[in-house]
């Protein structure tokens, strides 16, 4: 009887290496697949994959599996990077890891794995898949400190039905122990941080290679000019560092934060104080929705939600139809709203709002706008809250 073939996405890191070893130990026919998603020619200094490939080959030799490399750089540029630039150009702050998982790691990679006669694919993500009543559920990892379901919320039933997450029930500390015990050559390799194509350089330097600077005024909510920004794309909501303002502009001494952008006037609005009303939101509207089960929760469903990675679930109520002044976005597009029990800090257009029912990840959407802590005010990627100077 032939063994079930599983193709493992191997990055050269500890997590995917231990994933491959665990599946081999469980008796699967394991094939490693290394994905090259960025061409070295595009940026040889920051994104060389040479060492990662060497690590993958070394691990494959140790545990006794075949491995191959596949180039998805063209798909990555078309499906992920182009959207990344479009979002920043529109004043939003996208999360390319979410799109990469949906379009590359669990679409292009999955399709290629099936061409290798695989029954399943596996990755080193910290999450779980459970089949119940004929449907597949995406669950948080047992190790909540490493849970990555937020980045996986756009996966659908077809993708989950072919996916395994062997590390979902193992603490990260145990994964490191396993790597050391079996003598993996990359056992002490640091976890990757950030986005591959950005590398370790300052994010602003990278973005400036693709988006032009367009300086404009930096204003307070009452319209006072306190500085000049280099371009709205280079700032994100809640940003504190890199603004170029001290605490002396108003004499309060409190730090400054980016609070809003107005694309039409090319104005960046900043406020002083972490808990300024312009930084606090009780409601949001999200579009470009995706539900793991293929359908949304019921209107009025009480759930938890994250508006950024590593955030604790925030209690909220789901609304299936976005209404009111905050309902920005293309006419006819399916959107949803969330009303939070407690005000959320720096809810950022372009990031994902991901819903949870306890351990179950329901799906989510891309944040389009958020109502601020002041009645009747909302902020979106291109519009600041109602301004004092305009009242």
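Numbering starts at 1 and runs along the chain as it is shown here.
Positions of Cβ are set from backbone N, Cα and C atoms, glycine also.
Look at Swiss-Prot and you will find 9, 10, 11, 12, 13, 14, 15, 16, 35, 124 tagged as ATP binding site, backed by sequence analysis. A 10 Å cutoff on Cβ-Cβ distances gives residue 15 (ATP binding site) a total of 23 other Cβ atoms nearby, all chains included.
According to Swiss-Prot, the active site, nucleophile annotation covers 100, on the basis of sequence analysis. Cβ neighbours of residue 100 (active site, nucleophile) (same chain, under 8 Å, six or more residues apart in sequence): 37, 76, 80.
The feature disulfide bond is assigned by Swiss-Prot to 100-196. In the three-state DSSP classification, residue 100 (active site, nucleophile) falls within a helix.
As annotated by Swiss-Prot, site 'Interaction with tRNA' applies to 125 (among others). Residue 125 (site 'Interaction with tRNA') counts 25 other C-beta atoms within 10 Å of its own C-beta, drawing on all protein chains shown. In the three-state DSSP classification, residue 125 (site 'Interaction with tRNA') falls within coil.
The active site, cysteine persulfide intermediate annotation in Swiss-Prot covers 196, and the record cites sequence analysis as its basis.
For 351 (among others), the entry in Swiss-Prot reads site 'Interaction with tRNA'. Secondary structure at residue 351 (site 'Interaction with tRNA'), as computed by DSSP, is strand.
Cβ neighbour count for residue 351 (site 'Interaction with tRNA'): 23 (other Cβ atoms within 10 Å of its Cβ, all protein chains included).
In this entry, 9, 10, 11, 12, 13, 14, 15, 16, 35, 124 make up the residues listed for ATP, with the farthest two CA atoms of the set 16 Å from each other. Across the structure, residue 35 (ATP binding site) and residue 125 (site 'Interaction with tRNA') place their CA atoms 15 angstrom apart. For the recorded positions 11, 13, 15, 351, a Cα to Cα distance of within 10 angstroms from residue 125 (site 'Interaction with tRNA') holds for 15. Sequence-distant neighbours of residue 11 (ATP binding site) (same chain, 6+ apart, CB under 8 A from its CB) are 34, 35, 52, 56, 124, 192.
The two recorded residues residue 9 (ATP binding site) and residue 351 (site 'Interaction with tRNA') have their Cα atoms spaced 25 Å from each other. A gap of 25 Å separates the Cα atoms of residue 15 (ATP binding site) and residue 351 (site 'Interaction with tRNA').
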